[in-house]
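Summarising the annotation, Swiss-Prot assigns [4Fe-4S] cluster binding site to Cys12, Cys96, Cys199 and lists sequence analysis as the type of evidence. Taken from Swiss-Prot, the feature dimethylallyl diphosphate binding site covers His41, His74, His124, Ser227, Ser228, Asn229, Ser271. Sequence annotations record features per position, and here Swiss-Prot assigns isopentenyl diphosphate binding site to His41, His74, His124, Ser227, Ser228, Asn229, Ser271 based on sequence analysis. Per Swiss-Prot, the feature (2E)-4-hydroxy-3-methylbut-2-enyl diphosphate binding site maps to His41, His74, His124, Thr169, Ser227, Ser228, Asn229, Ser271; the stated evidence is sequence analysis. Summarising the annotation, Swiss-Prot assigns active site, proton donor to Glu126 and lists sequence analysis as the type of evidence.
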Amino acid sequence: MDVLLANPRGFCAGVDRAIEIVKRAIETLGAPIYVRHEVVHNRFVVDDLKQRGAIFVEELDEVPDNNTVIFSAHGVSQAVRQEAERRGLKVFDATCPLVTKVHFEVARHCRAGRDVVLIGHAGHPEVEGTMGQWNREAGTGQIYLVEDVEQVATLQIKQPENFAYTTQTTLSVDDTRGIIDALRERFPAMQGPKNDDICYATQNRQDAVRDLAKRCDLVLVVGSPNSSNSNRLSELARREGVESYLIDGAHEIDPAWVVGKQHIGVTAGASAPQVLVDGVLARLAELGANGVGELDGEPESMVFALPKELRLRLVD
């Protein structure tokens, strides 16, 4: 039994930036530092930051006055930003710049009076933040959430000749393409972004899993259950006809999964650290794996800048 690693896997530039913002804020300003929502969707990362002095909350009313709050990588609504400003909270924004790009698109369409369809998963914090960029006082349009092709068939848009779509950044590329095609068939005048809203890291990791699935008879995806992009990786492997499981770490591996398997693929969602992958490899070795290889993959070199104040404090 051998193991094959997907490439790329694990942390993306947006996750790296978000985690680093929390760490540096704690180092420079001291604990506690409040973080609205899990800064990234990974249990191990969140627990580590808690130990360093981060306090995770779901709403700003849980943050005491005169404190610092960090917005998670998933982004927040304009209402949340306005509340933080009204209360005079010090804010560091860890929103992924690629999510911010989608926010700007929605705000631009709103000002232009267009209707907007957001393709995404209801209840996901990124979707809530993006929907919350819509300012009903700034335009005459409306924003709609679509989760699947079935909803497209019954969608009623007020301005079918004047609307655009955007997407959550961590969706299945294949599923999203199907929804966009269905929308365009019903509404030929629909506008879209100049570049796909699904982020480069999501695309690259899904391409890598598709390649992995061709070579393996089991694919393990390291990631937490609430991680959208990690769930999509496991779903994609199964769609390719391969047994696949989403695991938070080595402790969740069932030895029965590897019985009779010859080639085990391992990857990690964009919010899962390499240390968890290392633990999975060690556990697979205990279960009889005798070699680890790695696929060639799309190189990733993107780096997102930290907030200016945290960069300056590092120099000081």
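Glycine is no exception: its Cβ is also placed from the backbone N, Cα and C atoms.
Shown on the structure are the features that Swiss-Prot records.
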residue : record                                 : DSSP (3 states)
Cys12   : [4Fe-4S] cluster binding site          : coil
His41   : dimethylallyl diphosphate binding site : coil
His74   : dimethylallyl diphosphate binding site : coil
Cys96   : [4Fe-4S] cluster binding site          : coil
Glu126  : active site, proton donor              : helix
Cys199  : [4Fe-4S] cluster binding site          : coil
Ser227  : dimethylallyl diphosphate binding site : coil
Ser271  : dimethylallyl diphosphate binding site : coil
For the binding-site residues His41, His124, the one whose C-beta sees the most other C-beta atoms within 10 angstroms: His41
Candidates His41, His124, Glu126, Thr169, Ser228 (recorded positions) with Cα within 10 Å of Cys199 ([4Fe-4S] cluster binding site): Thr169
Whole-number Å value for how far Glu126 (active site, proton donor) lies from His41 (dimethylallyl diphosphate binding site) (Cα to Cα): 11
For Cys12 ([4Fe-4S] cluster binding site), the one of His124, Thr169, Ser227, Ser228, Ser271 that lies nearest, given that the binding-site residues are compared by Cα: Ser271
Candidate nearest Cys96 ([4Fe-4S] cluster binding site) in space, where candidates are the binding-site residues His74, His124, Ser227, Asn229, Ser271 and distance is Cα-Cα: His74
Residues satisfying Cβ distance under 8 Å from Ser271 (dimethylallyl diphosphate binding site), sequence separation of at least 6: Phe11, Val15, Val40, His41, Asn42, Val45, Gly223, Ser224, Ser227, Asn229, Ser230
Whole-number Å value for how far Thr169 ((2E)-4-hydroxy-3-methylbut-2-enyl diphosphate binding site) lies from His74 (dimethylallyl diphosphate binding site) (Cα to Cα): 9
Nearest-integer angstrom distance between the alpha carbons (Cα) of Thr169 ((2E)-4-hydroxy-3-methylbut-2-enyl diphosphate binding site) and Ser228 (dimethylallyl diphosphate binding site): 10
For the (2E)-4-hydroxy-3-methylbut-2-enyl diphosphate site built from His41, His74, His124, Thr169, Ser227, Ser228, Asn229, Ser271, further residues of that chain with CB within 8 A of the site's CB center: Val40, Glu126, Thr170, Asn226, Ser230, Gly269, Ala270
Inter-residue C-alpha distance, the residue listed as 'active site, proton donor' and Ser228 (dimethylallyl diphosphate binding site) (nearest angstrom): 10
Check: same-chain CB within 8 A of [4Fe-4S] cluster site center, minus Cys12, Cys96, Cys199: Ala13, Gly14, Val15, Ala73, Pro97, Leu98, Val99, Thr169, Thr170, Tyr200, Ala201, Thr202, Ala270
